[in-house]
Amino acid sequence: MSLSWWRAGAAKKRMDDDESLLVKQQQQQCVALIVGVTGLVGNSLAEMLPLPDTPGGPWKVYGVARRARPSWNEDQPMTYISCDVSNTGEVEAKLSPLSDVTHIFYATWTSRSTEEENCEANGKMLKNVLDAMIPNCPNLKHICLQTGRFHYVASVVDWKINGSHDTPLTEDLPRLKTNNFYYTQEDILLEEVKRKEGLTWSVHRPGTIFGFSPYSMMNLVGTLCVYAAICKQEGAVLRFPGCKGAWDGHSDCADADLIAEQQIWAALDPHAKNQAFNVSNGDLFKWKHLWKVLADQFGVECGDYEEGQQLRLQDVMKDKGPVWDKIVAENGLSNTKLEDVGKWWFSDTILWNECRLDSMNKSKEHGFLGFRNSKNCFLYWIHKVKAYNLVPSTYT
């Protein structure tokens, strides 16, 4: 893994200037609890934290997810804990004994049918974890909460109806007058950290994430790879299932490794404490350019934007289960079902709306100078999906 730590810039000087902090970190091992370890960013954190050149590292890592440990992360050096964090008793039994945890990275969520239910369910999950950890971890120093860019729009479910802030989106924008489970989570976090003197927090708000996780509900790169593989199997053109604004307008994304780097930075750098940060790659792209990249990777004809089309992958892919089963069998792929690897609702959400661009100025002003080339980032995660045998690796 190629790391692009903030250390290359101003933040290294800031941390080097604080010698007492560095000495303290060297004397005590950093111990991470990653909640949502099988998600896009959780997976990146689990790969990154145990490395010897990671700041504060090598970290000891506990990884928490609801399902049993998957085969694709078995080689990650961590203690894996299968735990449903919505179950208060299970959380208390399985997490409260982890008394050596120094940092919590919370990067999970659940979806319900209404935003009111989202607020209740996601708020309970976070509070369960914090109730189990804060009283039982004497050396707990920092909590990273990952939310997202929907902080700036009215609702994850119907944001076009309820409105949003004008762009570029900045961290100091006021909350909208609507239900949003990110607001609920932040309120719980800020209240819970008061229970322990010196406990700090940070909130991280990525937009569309490019990363790797077969279990993520928002796995855009993996979903598009599956779509392209099906087009190849059927000899079909890779049509663009989205709007003109997404095809020809400017978009951005956040590399999962970059988000993990920002969270580790915020967990260790005193200048990042008790702050909320946007996180994106720092450049812009157009989907019409990345679409050609995707087509080339799967050896299919690249479609153009079709004026007036209403192509949505949720509709197009609903009967493609047998096609996917055939692809898996013929290519000796990992045994997956289409509904597990294709998150069509999410690709439709992203590609049928113009991107709401954010600003990275606050993050840079506080010392985090990390960035990614989004085209290279897209290619990297496509290659990772292939490397884990989830889609065919070679096409001509």
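Cβ from N, Cα, C; glycine included.
Annotation comment: Swiss-Prot describes TYR182 as active site. Sequence-distant neighbours of TYR182 (active site) (same chain, 6+ residues apart, CB-CB distance under 8 A): THR147, GLY148, PHE150, HIS151, ARG205.
Annotated NADP(+) binding site per Swiss-Prot: 38-40, 66-67, 84-85, 108-109, GLN146, TYR182, ILE209, 216-218, in sequence order, evidence recorded as similarity to another entry. The Cβ neighbour count for MET218 (NADP(+) binding site), using a 10 Å radius and every protein chain shown, is 21.
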With Cβ-Cβ distance below 8 Å and at least 6 positions apart along the chain, what are the contacts of ARG67 (NADP(+) binding site)? List them in sequence order.
THR38, SER82, TYR215
Does DSSP give TYR182 (active site) helix, strand or coil?
helix
